[in-house]
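Worksheet for the structure shown next.
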Amino acid sequence: TLQRIVSTLVNKNDEIHNFIDMLNHTISNVQVNSSNAISELDEEFDGLYSVLHEMKGSMANTIQQEEARKIQALQDQLSQCSRALESSEELLELAVQSLDIKNPVELLEAARQIKDSVTVASAFRLSLKPKVSDSMTHMMVDFALEKRMLQAVKFLPVPKAPEIDVASCLVADNCITVSWRMPEEDSRIDHFVLEYRKTNFDGLPRLKGEQRWELVDYIKATQYTLSGLKFDTKYMNLRVQACNKAVAGEYSDPVTLETKAFLFSLDSTSSHLNLKVEDTYVEWDPTGGKGQEKIKGKENKNSNTASPKRSTNSPRASARGGRDRFAGESYTVLGDTAVESGQHYWEVRAQKDCKSYSVGVTYRNPGKFDQLGKTNSSWCIHINNWLQTTFSAKHNNKAKTLDIPVPDRIGVYCDFDGGQLSFYNASSKALLHTFRAKFTQPLLPGFMIWCGGLTVSTGLQVPSAVKTLQKTENGLGGSTSSLNNA
């Protein structure tokens, strides 16, 4: 008990030390960020001053142009008046002189000339009103509204943390759709940032032993779909933050979504000797059997030590109950993880030169000479490309021909609790065949290959299209194959 208390205290001390370090680091960051904020504030105001200075210069230039235009118009009018006045003064002097003429005839002639000159004199055609006013009030500006706007300028508020709507989040078909909402409407939100990471722990994220956060930036909507994932862990941590033009807000409370991945590898320790097996790949090897049998016989003859691959201390060997390798014409390899409950999905891609292969499931511990689909404890679909292509569903040594094209990839959907095994075209999600059976034992994925190779993809979610087809089929009661168990 004392040791447990001491251990607890040590852990608590470590946490406090880490928290103190974090606080000191935060203080340092506050100082640096404050200095950066002041620098950015100076830049913003310098930019504003620059804009105002440029506007002042432009407006002053406009006033000067208006001044020049008015003065030019008035000077032109002044010149016209000066010329008219000079002409009028000359005519007036001539008229005064004419008054001194004594000869009536000469006086009449002079008066007639003066009259004609006065009639066409420019002085009588002048407008004695300035063409432009001396007012420049129309060039004045009113910055009252702008002043009020500037006085109302405040620091842009930090956005509140979004709230992830777990009920609206969807995990399907190797995708996760995350939905969130703001606690209150904020028109200044520019975009959102989503962070996610894989984990094997349920609940809140842990501080140690976690993968780093992956980031998706500049999301404009309030939901986002992460696609192309491989669910090689059990859960996914997710969090979201809102950002305006200036600052990012706090992250939302993180949520953990279960991905329900079904992962398995191919069990090389129990595969047929003519098969070369890697984690998710199996290939036909016509020389493997003879070469390995010779080595195996030599080892058995010269040594009493069991082969490491055959050791019953191996976890995989224990899981399959110490079963021997497949032999004879049962060119089979099984998965190392059994389906014991739930709904699971995996896919298989065959090489183009495969002559014959089967994809299905079987109960544990089949006979070493058993072939998939030829016993009452195994179910499969079989493709034979020898001479001509045949496509069939097999169970209990009975075959049903499938009159449809063979797809490049085959999807396997196993609903253990619902007693259903379905095969799909993995590309189009079109249903190929469905077995219905009451499964009484755990099921192992099984693969048979002759001349060619198979690649298995695991850790896949049940595609949404498959789920939709299952609901439709179950709603209609589903068709029961003649190969299915009662």
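Along the chain as shown, residues are numbered 1 onward.
Backbone N, Cα and C define each Cβ position, glycine as well.
Over in TrEMBL, the protein carries these features:
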type     : residues : note
COMPBIAS : 291-301  : compositional bias 'Basic and acidic residues'
COMPBIAS : 303-316  : compositional bias 'Polar residues'
DOMAIN   : 99-156   : domain 'COS'
DOMAIN   : 158-262  : domain 'Fibronectin type-III'
DOMAIN   : 262-465  : domain 'B30.2/SPRY'
REGION   : 286-324  : region 'Disordered'
Overall pLDDT for the domain 'COS' (99-156), taken as the rounded mean: 84
Helix-strand-coil residue split for the domain 'COS' (99-156), DSSP-based: 30 helix, 0 strand, 28 coil
Helix, strand and coil counts within the domain 'Fibronectin type-III' (158-262) (DSSP): 3 helix, 48 strand, 54 coil
